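Enquirer: TrEMBL lists Cys2 with the feature active site, nucleophile. The active site annotation in TrEMBL covers Cys2, His103, Asn118. Annotation source TrEMBL lists active site, proton acceptor at His103. According to TrEMBL, the domain 'Josephin' annotation covers 1-140.
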Amino acid sequence: LCAQHCLNNLLQGEYFSPVELASIAHQLDEEERMRMAEGGVTSEDYRQPSENMDDSGFFSIQVICNALKFWGLEVIHFNNPEYQKLGIDPINERSFICNYKQHWFTIRKFGKHWFNLNSLLAGPELISDICLANLLTQLF
C-alpha cells in the first residue's frame with residue numbers, strides 16, 4: 001500500500017484509499033486487455049497477468065499517474081530524454097515520486113526545504129539540496 005501512502009503524502013491528506021487505487025488498476029487492466037485482444041485472445045500478451053496491482057498491495061506507476069489526473073497533476077518521468085533535454089534543475093521542482101525496490105515514496109518541498117516522506121520512516125526527514133541531488137542520482 002506504499003502507493004497510497006505516497007500519493008496521500010504528496011497531496012497532504014487522506015485522498016486515496018486502497019479500494020480507489022484498486023478500482024483504477026482494474027480499469028487500466030480492462031483497457032489493456034481490450035487492446036491486447038486485438039492481437040487475439042490466444043496471444044501470449046493477452047494471457048499475461050495484470051501488472052497494475054498485485055496481491056501485496058503494490059500498484060504500478062500507471063495507477064499513480066491516473067490517480068493524480070483526478071487532481072489535474074501530471075507525472076513527468078525524471079529519466080525521460082524529453083525531460084532531460086529541458087535542462088531543468090531538480091532543486092527547482094516541487095516534488096518527486098520515487099520507487100526503490102518496489103516501494104513508492106514521496107520527496108516534497110515545503111517552502112525552501114525538502115523532506116523525504118517515505119512511509120517506512122518514523123516521520124518526515126529533512127534533506128538538503130545536495131542530499132536530494134545525490135538521492136535522485138542513485139534512484140534514477
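Backbone N, Cα and C define each Cβ position, glycine as well.
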Enquirer: Quick check for the class: what is the C-alpha distance, in angstrom and rounded, between Cys2 (active site, nucleophile) and the residue listed as 'active site, proton acceptor'?
Expert: 6
Enquirer: Pop the Cα-Cα gap between Asn118 (active site) and His103 (active site, proton acceptor) into the table, whole Å please.
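Expert: His103 (active site, proton acceptor) to Asn118 (active site), Cα-Cα distance: 9 Å.
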Enquirer: List, in sequence order, the same-chain residues at least six positions removed whose CB sits under 8 Å from that of Asn118 (active site)?
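Expert: Correct list: His103, Phe105, Thr106, Glu125.
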Enquirer: Around the C-beta of the residue listed as 'active site, proton acceptor', how many further C-beta atoms are within 10 angstroms, looking at every protein chain?
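Expert: Here the count is 15.
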Enquirer: Note the mean pLDDT of the domain 'Josephin' (1-140), expressed as a whole number.
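Expert: Within the domain 'Josephin' (1-140), the model's average pLDDT equals 90.
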Enquirer: Summarise the domain 'Josephin' (1-140) by DSSP state, stating how many residues are helix, strand and coil.
Expert: 63 helix, 21 strand, 56 coil
